[in-house]
Amino acid sequence: MEGKMSWTVADAIDYKGFPADRSKTGGWVTAALILGIEICERLSTMGIAVNLVTYLGGTIHLPSASSANIVTDFMGTSFLLCLLGGFLADSFLGRYKTIAIFAAIQTLGTCMLAISTKLPQLRPPPCHTNCKEANGFQMGILYMALYLIALGTGGLKSSVSGFGTDQFDEKDEKEKAQMAYFFNRFFFFISTGSLMAVTVLVYIQDEVDRSWAYGICSVSMFIAILVFLSGTKRYRYKKSLGSPIVHIFQVIVAATRKRKMELPYNVDSLYEDSPEASRIHHTVQFRFLDKAAIIGEGDFESNMGSTPNPWKLCSLTRVEEVKMMGRLLPVWATTIIFWTIYAQMITFSVEQASTMERSIGDFKIPAGSLTVFFVATILITLAVYDRLIMPFWKKWKGKPGFTNLQRISIGLIFSTVGMAAAALAERKRLSVARAVGGTTATLPISVFLLIPQFFLVGAGEAFIYTGQLDFFITQSPKGMKTMSTGLFLTTLSLGFFVSSFLVSVVKRVTGSNDGQGWLGDNINYGRLDCFYGLLAILSLVNFVIYLIFAVWFKPQKPKPALQMETVVNGC
């Protein structure tokens, strides 16, 4: 019996609901099937986002700032909806069903977008001067397609990384080591999808037909769904532990009700009903929440027997779970600014590229494809970190690479320097525009002037994305990992929304009646360099605040009993 149990994963089940057999489920094979659907999701989302601003300006005839805001609002909504996907996965559907359902929704959205860009009736007539913007019906169809894609992306992304880590057993030393590499491999694979998007798909959009490119996204996503479903019998599944949002509110309500009660000197006097092995070490931060575990009169209602009313009394472990989520918030808040900077790479940086000399011999680089340097930098950075830095750091410090908080800080530094470089590059581009005239279609200055900003922000993303993903998954309670992943992805969402907000504010404050200002309708007459400089200053201030919170953060330590259990099961 003991031999049989050693081949099962303690907290995982198979597709029939039986304990998962370690030899027949999970591991890198199933993780690869899950990574496949994420590659295609990134292929579709990035293939649309990086070149959408040129479509909105050139075909839909919208002003520069409006086009940029539509893109950032679309991306922001995509990541904001990760919270909805995380809630549904943790509370009702589970990660497997959530991925399958929302992947289908995204496929439907890309199909609709392909149709809207193909039919002449769904876009304004082509023109060169006095162009007419798309009407309400045409914009309505476009918005419906974009936000179907956003809904699918949000639901899908909230569960993919969590379901991938479910395929590895944290209590098995070999599989635990594999999971440590999963975060880097995960981001490497989705960056590969991004690379295909900004090269092949953008080229097809500009040189063949935009609807063909979106059709390819739809077909690839459909194939990825079939591949994902083929692994149904081999996946490891985790049982839902109920809605984490409800659990959080229960602790807050119970603590508020008992706010006037005094905490006992002995922590052991607080209510606890969790098994010894799953208990969480008590911490002194957010001590007011401990009051939710004070046993008071009326906590055990007669019709509920020995089970307490969860809105009046919560276990100490449940309180500690909420504390763990609370400790994530300061780091969460101080990483938003990075994604505001990232938003500029797929909006204004693409507009900059569209005004510059992009020819290599007879081949003209599509403006949206310049982000290939951005994605290539991510892939190179991840490869160098995975193959050189991690082995060196393990040999020197005895640790497998930088900690998640260190990676986040490195990412913030790179992005700050990247914005400073972008401001300098834009100042040079503007000087050329003034010399030859802002109405010149292609300025006599090489587009490769923009490479440093793509390189620096790309390297920053490689560090901050893997650092955030690692931080939010490993430092969150077991039953709240999907919601924690959704929380991480909302930093991307809010970064895009902050970008839209800053663009609107700057345009209003610096704008003039003739449509100029820092962010003019024609960027050759604007001061985009000042906007980039503003972002660099905001990022520097944010970095200082982040360092304060990083020092304040105290990672959760497991109880000795849990550590012993991990060692025994890992042998």
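In case you wondered, yes, glycine gets a Cβ from its N, Cα and C as well.
According to TrEMBL, the features are:
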| type | residues | note |
| --- | --- | --- |
| TRANSMEM | 43-62 | transmembrane segment |
| TRANSMEM | 74-92 | transmembrane segment |
| TRANSMEM | 99-117 | transmembrane segment |
| TRANSMEM | 137-156 | transmembrane segment |
| TRANSMEM | 186-205 | transmembrane segment |
| TRANSMEM | 211-229 | transmembrane segment |
| TRANSMEM | 328-345 | transmembrane segment |
| TRANSMEM | 365-385 | transmembrane segment |
| TRANSMEM | 405-425 | transmembrane segment |
| TRANSMEM | 445-465 | transmembrane segment |
| TRANSMEM | 486-506 | transmembrane segment |
| TRANSMEM | 531-553 | transmembrane segment |
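Remote same-chain partners of the transmembrane segment (99-117), defined as residues 6 or more beyond its termini with a Cβ less than 8 Å from a stretch Cβ, comprise 34, 37, 41, 44, 48, 55, 59, 85, 93, 123, 138, 141-142, 144-156, 159-160, 163, 210-212, 214-215, 217-218, 221-222, 224-225, 228-229.
If you count C-beta pairs under 8 angstroms between the transmembrane segment (365-385) and each of 43-62, 74-92, 405-425, 486-506, 531-553, the highest count goes to 43-62. Counting Cβ pairs under 8 Å that are 6 or more residues apart, the transmembrane segment (328-345) and the transmembrane segment (211-229) reach fewer than 3 and are not in contact.
Beyond the ends of the transmembrane segment (445-465), by six or more residues, the same chain brings 187, 191, 335, 338, 341-342, 345, 349, 352-353, 356-358, 365, 370-371, 373-378, 381-382, 385, 402, 407-408, 410-415, 417-419, 421-422, 425, 428-429, 432 to within a C-beta distance below 8 angstroms of the stretch. Here the transmembrane segment (74-92) sits apart from the transmembrane segment (211-229); fewer than 3 CB pairs are under 8 Å, leaving out pairs fewer than 6 apart in sequence.
Scored by C-beta pairs under 8 angstroms, the transmembrane segment (211-229) has its highest count with 43-62, from the stretches 43-62, 186-205, 405-425, 531-553. If one looks beyond the transmembrane segment (405-425) by at least 6 residues along the same chain, the residues whose Cβ comes under 8 Å of a Cβ in the stretch are 331, 334-335, 337-338, 341-342, 344, 349, 449-450, 452-453, 455-457, 459-468, 470-471, 529-530, 532-533, 535-536, 539-540, 542-543, 546-547, 550, 553.
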